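**Student:** Sharing the features that Swiss-Prot gives for it:
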REPEAT    8-47  repeat 'WD 1'
REPEAT    50-89  repeat 'WD 2'
REPEAT    144-183  repeat 'WD 3'
REPEAT    186-225  repeat 'WD 4'
REPEAT    283-324  repeat 'WD 5'
Amino acid sequence: MKPILLQGHERSITQIKYNREGDLLFTVAKDPIVNVWYSVNGERLGTYNGHTGAVWCVDADWDTRHVLTGSADNSCRLWDCETGKQLALVKTSSAVRTCGFDFGGNIIMFSTDKQMGYQCFVSFFDLRDPSQIENNEPYMKIPCSDSKITSAVWGPLGEFIIAGHENGELNQFSAKSGEQLSNIKEHTKQINDIQTSRDMTMFITASKDNTAKLFDCTSLKHLKTFRTERPVNSAALSPIFDHVVLGGGQEAMDVTTTSTRIGKFEARFFHLAFEEEFGRVKGHFGPINSVAFHPDGKSYSSGGEDGYVRIHYFDPQYFEFEFEA
């Protein structure tokens with residue numbers, strides 16, 4: 001498996017995301033640049049320029065017309081995907097940590113950090129009503145007083161969002177009323193990443209407590225646990241097989257004191273049902289910060305602390321692989 005190396009960032013990658021068809025790959029890092037690439041050959045299509053700080057999150061809507069980014073420059077920006085033009089700018093009082101379009105692409109949500117005396121908020125804007133963005137008045141703002149949100153995604157059909165917190169809690173907030181629908185605490189430390197399955201029935205969380213866990217989207221029932229020896233920064237579910245890929249490594253501050261071999265900077269593949277590890281892919285010099293499966297399941301990408309994004313196309317053996325139960 002020879003990866004395609006994407007070199008478009010000077011700082012460590014924070015998130016990578018495919019659009020729905022998978023022909024484009026969006027990458028953001030701790031530099032102000034937002035890149036978009038052709039996933040088939042790794043050619044850079046262009047950049048979205050305007051942010052002045054690290055970009056924490058990126059999302060594309062259902063038909064890839066718009067791109068949403070959230071940054072540490074205290075802003076969330078909406079871009080025209082094709083032209084790279086900035087369509088909207090929402091100012092916030094602290095850094096934007098997570099962002100996402102709902103199923104229809106009409107409503108955006110983003111969460112802000114708890115910093116500089118400001119509380120953590122989840123804001124919802126309806127793009128069909130331009131006055132909300134112009135006046136910086138979301139139709140709904142949910143405060144999170146106890147523990148800040150470190151990762152959040154839309155649930156099925158845009159009815160609620162699923163949020164993971166710094167203290168390991170998971171909860172659902174209704175996108176209509178803003179009330180908390182349910183709350184569970186299965187992780188002991190911060191939840192770094194949440195990704196849903198292709199059909200939005202389940203989602204996987206990646207946590208600092210060295211595990212990734214699978215949950216039901218609607219009931220938040222805990223289904224499976226994938227254990228490693230290192231903090232898990234990101235986890236993704238294969239759209240075609242019962243496979244999970246985990247990316248991690250140790251804390252960024254400990255990286256320079258260990259050799260690459262001890263660092264465990266591999267992407268690790270687990271079987272979804274049996275919770276068994278069956279493969280590893282080496283490559284990054286440093287922890288993996290974000291992983292994503294291509295929507296057709298034939299390739300996956302990883303973005304690392306080294307600032308590189310690697311696109312891996314699976315070998316034919318991968319598709320013939322039968323798991324021995």
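Even glycines carry a Cβ here, placed using N, Cα and C.
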**Student:** Cβ pairs under 8 Å only, please: of the recorded stretches 144-183, 186-225, 283-324, which one is richest in them relative to the repeat 'WD 1' (8-47)?
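**Tutor:** If we count Cβ pairs closer than 8 Å to the repeat 'WD 1' (8-47), 283-324 scores highest.
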**Student:** Do any residues, 6 or more residues outside the repeat 'WD 3' (144-183), come within under 8 Å Cβ-to-Cβ of it, and if so which ones?
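**Tutor:** Long-range Cβ neighbours of the repeat 'WD 3' (144-183): 97-98, 100-104, 107, 109, 111, 113-114, 119-122, 124, 189-196, 200-201, 203, 205, 207, 209, 215, 217-220.
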**Student:** Averaged over the repeat 'WD 2' (50-89), what pLDDT does the predicted model reach?
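**Tutor:** A mean pLDDT of 95 is what the model gives the repeat 'WD 2' (50-89).
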**Student:** Please list, for the repeat 'WD 5' (283-324), how many residues fall into helix, strand and coil according to DSSP.
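**Tutor:** The composition, in the requested order, is 5 helix, 17 strand, 20 coil.
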